[in-house]
Amino acid sequence: MALIPYALARPFLFSLDPETAHELTVRALALTQGTALQLAYGTSRVNDPITLAGLTFPNRVGLAAGLDKNARCIDGLGAMGFGFVEVGTVTPLAQPGNPRPRLFRLPQAQALINRFGFNNEGLASFMANVKNSTFYRQRQNPNLARKPLPLLLGLNIGKNAATPIERATEDYLTCLDGVYPYADYVAVNISSPNTRNLRSLQSDEALDSLLGAIAHRRQALVAQHGKQTPIFVKIAPDLDASQVDVIAASLRRHGMDGVIATNTTLSRDAVKGLAHADETGGLSGAPVLAMSNRVIGQLRAALGPGFPIIGVGGVMSADDAVSKIRAGADLVQIYTGLIYHGPKLVKQAAALIKTSC
């Protein structure tokens, strides 16, 4: 599939059910991992290094979580020119997610609506896939060829749907224990709209309790593994300024290393009247750009300079990526833009950020 220009592949993919197209893409990327072709793609990655949270990112454009839920195609995705790739969300136990259909295209708006519900194969399978990747094996074997600035890997964690919200912290800590030694950074997903009550973890007391427990567990993990893995928290766009301030204060108070802004939105204002606009789930793509940038700007004002922000939501062009940096983000992630415009968007965005920001 890597041999086919995306402009030719897209009509075929868009003729399929959206989730079938998603699964086909993931399988194709998994099959091409480690090939000379994929490694060749990786050598053309835009070189624009930046150091944040103690990590040196090869460039400022990454893949958002959600495309590779089970860490099956880390190498294939990394070869698209990303500076970093985030996989997951993973939960302690395997779960099927919500019933199909659960992914919908809104092409007139360059948008998607999903209600996947953290469908994944569980932590044990997820970590086996991470360890089986060329990415991981190269890090373990200094005799294998390594790029001057290797791809960075974020592992995104969540809670099982069956876990009561009052016990959510247990799931996050279980996942943190499992992913910690292998991640360049850990992303704590408390903002998916597709797991019941998950977003309540963004409220003042619940967030303090969760982040306090995560910070405490990390102290033990640092002692156990001899490394301090940065922890980022992923938040929603459906927040007002006072809620953003509460979250920013909690991030600082508990020593979190960064924030990912934002997840999908529940708002349908920008897509009213379009087919599938009334489907339940999170809306991503072009309609989220302004909402996400607003939250990024509010976070930057609340957190001040120097606190790492990963901007995600609505990046459909290189100019959109630059707008996130100018709103206050340090790094940018892409997902829905990749579906609509293909891998060329990665390098276009990274190149324009390099020359404009």
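Here the Cβ of each residue, glycine as well, is placed from N, Cα and C on the backbone.
Note that the coordinates shown come from a computational prediction; the quantities given were computed from them, not determined experimentally.
Per Swiss-Prot, active site, nucleophile is recorded for Ser192, and the stated evidence type is sequence analysis. Its Cβ taken as reference, Ser192 (active site, nucleophile) is surrounded by 25 other Cβ atoms within 10 Å in the chains shown.
All chains included, 28 other C-beta atoms sit within 10 angstroms of the C-beta of Asn189 (substrate binding site). Taken from Swiss-Prot, the feature FMN binding site covers Ala65, Gly66, Leu67, Asp68, Lys69, Thr89, Asn156, Asn189, Lys234, Thr262, Gly285, Gly314, Tyr335, Thr336, and the record attributes it to sequence analysis.
What Swiss-Prot lists as substrate binding site is Lys69, Asn114, Arg115, Phe116, Gly117, Phe118, Asn189, Asn194, Asn263, Thr264, and the listing cites sequence analysis. The Cβ of Lys69 (FMN binding site) lies under 8 Å from the Cβ of Val87, Gly88, Thr89, Val90, Phe116, Phe118, Asn119, Asn120, each on the same chain and at least six residues away in sequence. Secondary structure at Lys69 (FMN binding site), taken from DSSP and collapsed to helix, strand or coil, is coil.
Neighbours of Asn263 (substrate binding site), defined as other CB atoms within 10 A of its CB across all chains, total 27. Overall, the recorded substrate-binding residues Lys69, Asn114, Arg115, Phe116, Gly117, Phe118, Asn189, Asn194, Asn263, Thr264 cover a maximum inter-Cα distance of 16 Å.
Within 10 Å of Arg115 (substrate binding site), counting CA to CA, the binding-site residues Ala65, Leu67, Asn156, Lys234, Gly285, Tyr335 contribute nothing. Neighbouring residues of the recorded substrate site, listed in sequence order and excluding Lys69, Asn114, Arg115, Phe116, Gly117, Phe118, Asn189, Asn194, Asn263, Thr264, comprise Gly66, Thr89, Gly97, Ser192, Pro193, Thr195, Gly281, Gly282 (Cβ within 8 Å of the Cβ centroid).
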